[in-house]
Amino acid sequence: SCLINAESGSGQCGPEPVLLFANRIDIRQVLPHRSEYTLLLNNLENAIALDFHHSKELVFWSDVTLDRIMKANLNGSNVEEVVSTGLESPGGLAIDWIHDKLYWTDSGTSRIEVANLDGTHRKVLIWQSMEKPRAIALHPIEGKIYWTDWGNTPRIEYANMDGSGRRIIADTNLFWPNGLTIDYAGHRMYWVDAKHHVIERADLDGKNRKAIIRLPHPFAITVFEDSLYWTDWHTKSINSANKFTGKNQEIIRNKLHFPMDIHTLHPQRQPAGGRNRCGPNNGGCSHLCLPSNKAFTCACPTGFRKVDQYNCLDKFLLFARRTDIRRISFDTEDMSDDVIPLADVRNAVALDWDSRDGHIYWTDVTTDSISRALWNGSKQEVVVDTSLESPAGLAVDWVTHKVYWTDAGTDRIEVSNADGSMRTVLIWENLDRPRDIVVDPIGGFMYWTDWGANPKIERAGMDASSRIVIISTNLTWPNGLAIDYQTERLYWADAGMKTIEFGNFDGSNRQVLIGSQLPHPFGLTLHEDKIYWTDWQSKSIQSADKMTGLGRSTLAENLENLMDIHMFHLQTPCLVNNGGCSHLCLLAPAPKGSSCACPTGINLQVSCTFCIYSGLIMPSSAHTCIDRPSSGFLFLGKVYWSDSTLKKISRANINGSGQEDIISSGLVTTDGLAVDSVGRKIYWTDTGTNRIEVANLNGSMRKVLVWRNLDSPRAIALYHEMGYMYWTDWGEHAKLERAGMDGSDRVVLISNNLGWPNGLAVDKAGSQLLWADAHTERIEASDLNGLNRRTLVSPVQHPYGLTLLGPHIYWTDWQSRSIQRADKTTGTNIITIRSNLPGLMDIEAVDRERPLGFNRCGRRNGGCSHLCLPRPNGTSCACPTGVLLKSDGRSCEEMPETYLLFSNRVSVRRISLDTPDHTDVHVPVPELHNVISLDYDSVDGKLYYTDVSLDVIRRVNLDGSGMETVVSQGLKTTDGLAVDWVARNMYWTDTGRNTIEVSRLDGSARKVLVNNSLDEPRAIAVFPSKGSGVCVCVCMGCFCSVVSINGPYRRVHLDSFNNAYILQHLLLSQKVSECSNVNKCVVQCNPE
């Protein structure tokens, strides 16, 4: 339906308009005709400009303190950085809702820039003759961009949205042209000038200019139908007036913090009828498609060169400088370098670029990691950060999308997918400080330098086959390598010989290209007919003719700590369907062409194309992509691990994908983990809480099984077929215990001659227990009852994880940083499986060919409503922590009958008093920031709480659903809250305002009860009684104050008491049953 204005002929259709405005520290919404005022985003630093995308339900804003552009959903969720680098003072922002582009002004860099909505393909659009661009507005229907500039020559300009057709449309009687908006229906623009205290309007070409309203200090402006809305710095308000006459001025909202930009959030402000000039295929453009006056233009991100009407070529010379990575663009005349905006670059050495998706990769020998980011510095992420010691060489195979690297610390060459998954060790023998590495995906070879005791340059297939030494003489410190794919030559730089040389791919026809004035060459790369290199001593980047070595020139100088340098080469992918391989497909020399490979620890089947998992899972070893886990387990293609730093239990597919947290609360130090692959349960020990718990594999129905007489439980192992679980405890009295998998029939098996019993395994075939003790330095065995104890292996330095596979035991050793193997029956035939593996923790054997066995709970979950757990003589039904099992022995109560609710600022917890374990359980209340007080309404089952960060009072169901804000205005520090469940009211104290207030439970009928003689009121409790009113007890400092609905306000002095204790004592002891007169209340509030 539409409301038509009889005077102007315009009308309002659709939803009610909402004013969206930035308030520096937050972004808020206000309804202009009802003054309803809601918070959208808070805890911001300095939000200045904003705009929205109505159809995508997104809000964008700039922060001039953080120098970032951010976005979020219009409901305030999913806050993300869009542009985080290269900004100085982004004061204007505008969204092209038709072509999905983001435009902004920056008065610090004196630029107007454009990018996709996610910040990619960023381009400097207009930079010449710009001083201090401020406000910006778009007319994507007409393909126009408008902006104000309040530099030395203030003006308003417009151009096509591709930057062409620029024109000044106003440059007189302007001083501080701040806000700017377009009236699409009226074909006019409006702007404010804070110095001249005026709102003006003009046609879109600048004609028919007219002043409308005189104001104190207007900043931003928006228009909707017949009304103008603006923010004013002087009055700190939002105001409105008629857009034709300037009359009918109203204050929409005042007493604001610092109102900045403003927009009308309504579909009419982003009409959907405009034509998308770029169409569904981005206009055929390889990068940016920007609308112009009547068509579109294909544009290139800054630093890219346009090679034809549609396509851009990215040509960068990349170089590392330890603490930053820079680029020299070949499309600029001066070839100046600029820093790629990356975070936490400590000591970058090697780098390369994948031309397929524009990622740059680099190694950092301080953080011992390999990272990547897009060429513009966005989307930065760590690719590999485990089991690296000195990754000094890096090469990207742009054909199969792989990353190869050398590690001079571990003396290995490794490969993985570009995202770090499917990591495998290629070469580990006869390496002595490998340095640089390059790959030839077309020929199928990789080359590397080694400057150990016998310096050399080697070659092998990219699958590590056909390894040979090609250069081994007249080498000292062979550093950088480069491949010339056109002439099929290999180039290298030697810092000891002070030369740059080249030869054929087999090392023949070796020649010195440059043999003078090379103090210390390090990195090396080729592009077209030039060779480029970095030099540590001359602190320069130089180039020369790649064939003759002549024509030397210096591209950049006075650059400290120069490291690697690289130029990417665009090639067409040569493999289809991953070469038919299930996992890794590696290029190999002709005639083979390629070969399939598997990540370490996974075997290649006879077909040579498919990998099957059968081996060892080692958290924090070189073969998985798991972050700092302490224990791990694999089930049905998923690996489960605990992380005692993040206090989580997680799982992922064995290839690293699909990672998710299954337990993320209530954990302290989860050192032991075991998966019941038959019953589909996960068990864990927690040394911090001294508990053993169980849950479904997705983390649901979590239950505490054992909590008494535990003192640092560590390893845990399961025997589903027998219904037993076993665990080690290395507290003050170390022991090895057993219980049913439901926690019943607990018994100590071994309690003598134990020190630090770490690893634990059950040998089902041999009917024996095996454990590793780091204090006694032994691996021991016994039968399943703890009898017939014997030593298998001694001494072992510091064993930690222990597992079985076939006839062998495997264990990890902290001291030797290795994985060892021995015969499980005799302990003989000890061999080292892998060495030089720092940070080893748990180890788990996986045999995919072994049948799972019979699930005792398989049929209808054993008849249980919740948990079905094996035990020695059958199964038992169990309930999640704190919930009682009903008398039928199979089903559970929905909730505890009696329980405590408490908050710890960022979460709400529940402790059941029905069960003896008294374990706190997470209550899934969303969006908690700083919860101080809470109360519970048992009538409606609602939890009420105050959040002093958001300055709100909210209520929610205990399952986290139905959250709503009941009070959102006029709060400062609501430290106390109490619900009157009889009269359906709630009471709260406000320490910031020194008041006690009351309202209905929905926030209506709000009233201030007490606003004098209060000094930081804190806790509050009510004692309702039907028919006799309500007594409110308020504690503050050392006073207890009492307010009665039907009596006066009184204060009683108390000497040093704990407010919370007093109130709790009064409630639990039920001394206050009625409050018919205030004197009775006073007496009850006195602890005497």
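The first residue you see is number 1, and the count goes up from there.
Positions of Cβ are set from backbone N, Cα and C atoms, glycine also.
Unlike curated records, TrEMBL annotations are generated automatically.
Straight from TrEMBL, the features:
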- 57-99: repeat 'LDL-receptor class B' (REPEAT)
- 100-142: repeat 'LDL-receptor class B' (REPEAT)
- 143-186: repeat 'LDL-receptor class B' (REPEAT)
- 187-213: repeat 'LDL-receptor class B' (REPEAT)
- 277-313: domain 'EGF-like' (DOMAIN)
- 358-400: repeat 'LDL-receptor class B' (REPEAT)
- 401-443: repeat 'LDL-receptor class B' (REPEAT)
- 444-487: repeat 'LDL-receptor class B' (REPEAT)
- 488-530: repeat 'LDL-receptor class B' (REPEAT)
- 573-609: domain 'EGF-like' (DOMAIN)
- 637-679: repeat 'LDL-receptor class B' (REPEAT)
- 680-722: repeat 'LDL-receptor class B' (REPEAT)
- 723-766: repeat 'LDL-receptor class B' (REPEAT)
- 767-808: repeat 'LDL-receptor class B' (REPEAT)
- 856-893: domain 'EGF-like' (DOMAIN)
Same-chain residues near the repeat 'LDL-receptor class B' (57-99), Cβ under 8 Å, at least 6 residues beyond its ends: 20, 22, 27, 39-41, 44-51, 105-109, 115, 117-119, 122, 133-138, 140-141, 145, 147-148, 161, 261, 265, 270, 274-278, 289-291, 341, 376-378
Folded-back contacts onto the repeat 'LDL-receptor class B' (143-186), same chain, C-beta under 8 angstroms, at least six residues removed: 10, 92, 94, 96, 99, 101, 103, 105, 112, 114, 125-126, 130-137, 192-196, 202, 204-206, 209, 218-223, 230-231, 243, 261-262, 268-269, 271, 277, 290-294, 296-297, 299
For the repeat 'LDL-receptor class B' (723-766), the number of residues DSSP places in helix, strand and coil: 0 helix, 23 strand, 21 coil
Range from 100-142, 637-679, 723-766 with most C-beta pairs under 8 A to the repeat 'LDL-receptor class B' (358-400): 100-142
Rounded mean pLDDT for the residues that make up the repeat 'LDL-receptor class B' (187-213): 93
Residue numbers, six or more beyond the limits of the repeat 'LDL-receptor class B' (680-722), whose CB comes under 8 Å of its CB atoms: 631, 633, 635, 640, 642, 649, 651, 661-663, 666-674, 728-733, 739, 741-743, 746, 757-762, 764, 769, 771, 784, 802, 853-856, 866-867, 869-870, 872, 878-881, 917, 919, 921
Counts by DSSP class (helix H/G/I, strand E/B, coil) across the repeat 'LDL-receptor class B' (637-679): 0 helix, 21 strand, 22 coil
